[in-house]
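Heads up, the thing below is written out as structure tokens.
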Amino acid sequence: MIPPEPAPQPPQPPLPALPSHVVTTIEHLPAEAGLAASSRAGVRLRLRKVLSREMLISVALGQVLSLLICGIGLTSKYLSEDFHANTPVFQSFLNYILLFLVYTTTLAVRQGEENLLAILRRRWWKYMMLGLIDLEANYLVVKAYQYTTLTSIQLLDCFVIPVVILLSWFFLLIRYKAVHFIGIVVCILGMGCMVGADVLVGRHQGAGENKLVGDLLVLAGATLYGISNVWEEYIIRTLSRVEFLGMIGLFGAFFSGIQLAIMEHKELLKVPWDWQIGLLYVGFSACMFGLYSFMPIVIKKTSATSVNLSLLTADLYSLFCGLFLFHYKFSGLYLLSFFTILIGLVLYSSTSTYVAQDPRVYKQFRNPSGPVVDLPATAQVEPSVTYTSLGQETEEEPHVRVA
């Protein structure tokens, strides 16, 4: 038996039409919500990239160097002002002797091409120049305090930053992005803010008896500092940290010993020796030795430019200590200066620099232990420039040797 067909249902009345502005809102709601979510995710991603673990470690390492310089400045201040021991060459001599005892002797007991004698046979005159440059850079800046004001020294000492940038650009072939220059400008603005605070609170500015001579000494010292830092970066990337420190200890001790005997032996005899002065010399030497030993590690992880930007906060650490030790006056501009410099450091460290690499003029240094690839002798090497990040590498790259 065939069941009867169901009765047809009456047609449903059409739904009332929505107003046009409601339809428009409904149509655009998912797109706008997706766009907002995407924008928030992009901001989080950029923030995570800027405040990465590697960047924060780089900034923290730079501040360790600044604290060591703060210790050097405090011990020097006590020696010169409280005990009238003006012996900058002797203080450098003590540091070079420590470097000699630790690192030069390490090179002396090594075998093969890394032995001290083998290094001296190949590169003795280069390290002799570097040791002299490093010694005189320290001496000129300390000497400038006798002629010019503290404000001039703080401002003109920033000259080391453009020197390092130019030398890194032409000799290390390092290339910078816009964010690096923005970070550098922010750091220098922070330094200017600190100098302005010094003037406002009337912090001791020094005699300034022959300001032109003092300013020229600071500029010369900053230039030599820049040369020394860039040369140091090249050596620790192409050779080794121990070789650099061992050679600096050897030639630095040699030249500072000669300079001490000629220029400072009378001042050394006037020092009223006691246990307090001895302790200050030990503290100075420990901070200086720590600075020299630790700086190559930070330079290799970051760069000479980044290290010199980090060192801008050293004067602020000395000032904060001086608030308690020497009863300096406080100004809110000091805190503003400190955080401005830190913001500039974060901006500079937020992205990697690059190396413009031409195998005919620049030896690849990033993986010195990797395999060597010989280019065919008949093939003509085209002048090309490639950009390679100085950040963390994910795979081995071979050396390139031009036949």
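Residue numbers in this text run from 1 along the chain shown.
Glycine is no exception: its Cβ is also placed from the backbone N, Cα and C atoms.
Curation does not apply to TrEMBL; its annotations are automatic.
Per TrEMBL, transmembrane segment is recorded for 55-74 (among others).
Marked as transmembrane segment by TrEMBL: 94-112 (among others). Panel annotation: around the transmembrane segment (94-112), residues 118-119, 135, 242-243, 245-250, 252-253, 256, 281, 284-285, 288-289, 292-293 of the same chain, lying at least six beyond its termini, place a Cβ under 8 Å from a Cβ of the stretch.
Annotation comment: TrEMBL describes 124-141 (among others) as transmembrane segment.
The list of residues near the transmembrane segment (153-174) in space but at least 6 beyond its ends in sequence, with Cβ under 8 angstroms from a Cβ of it, reads 141, 144-145, 184, 187-188, 191-192, 194-195, 198, 206, 214-215, 218-219, 221-223, 225-227, 229-230, 233-234, 303-305, 308-309, 312, 315, 353-358, 362, 390. The transmembrane segment feature in TrEMBL is assigned to 153-174 (among others).
Long-range neighbours of the transmembrane segment (181-200) within the same chain, counting only residues 6 or more positions beyond its ends whose Cβ lies under 8 Å from a Cβ of the stretch, are 150-151, 154-155, 158, 161, 165, 305, 309, 312, 315-316, 319, 331, 333-334, 336-341, 343-350. Among the features that TrEMBL reports, transmembrane segment is placed at 181-200 (among others).
Here TrEMBL flags 212-232 (among others) as transmembrane segment. Long-range neighbours of the transmembrane segment (212-232) within the same chain, counting only residues 6 or more positions beyond its ends whose Cβ lies under 8 Å from a Cβ of the stretch, are 130, 133-134, 136-141, 143-149, 152-153, 156-160, 163-164, 167-168, 171-172, 244, 295-296, 299, 304, 307-308.
Annotation comment: TrEMBL describes 244-263 (among others) as transmembrane segment.
Residues or ranges marked as transmembrane segment in TrEMBL: 275-295 (among others). Distant neighbours of the transmembrane segment (275-295): 64-65, 68-69, 71-72, 75-76, 78-79, 83, 85, 91-92, 94-95, 98-99, 102, 232, 245, 248, 307; these residues of the same chain sit at least 6 beyond its ends, with a Cβ under 8 Å from one of its Cβ atoms.
Tertiary neighbourhood of the transmembrane segment (307-328): same-chain residues 59, 61-63, 65-67, 69-70, 73-74, 77, 154, 158, 160-161, 164, 183-184, 187-188, 190-191, 194, 201, 203, 225-226, 229, 295, 298-299, 334, 337-338, 341-342, 344-345, 348, selected by CB-CB distance under 8 Å and a gap of 6+ residues from either end. The transmembrane segment feature in TrEMBL is assigned to 307-328 (among others).
Feature annotation from TrEMBL assigns transmembrane segment to 334-356 (among others).
Same-chain residues lying 6+ beyond the ends of the transmembrane segment (55-74) with a Cβ under 8 Å from its Cβ atoms: 283-284, 286-288, 290-291, 294-295, 297-298, 301-302, 306-307, 309-315, 317-318, 321, 325, 342, 345-346, 349-350.
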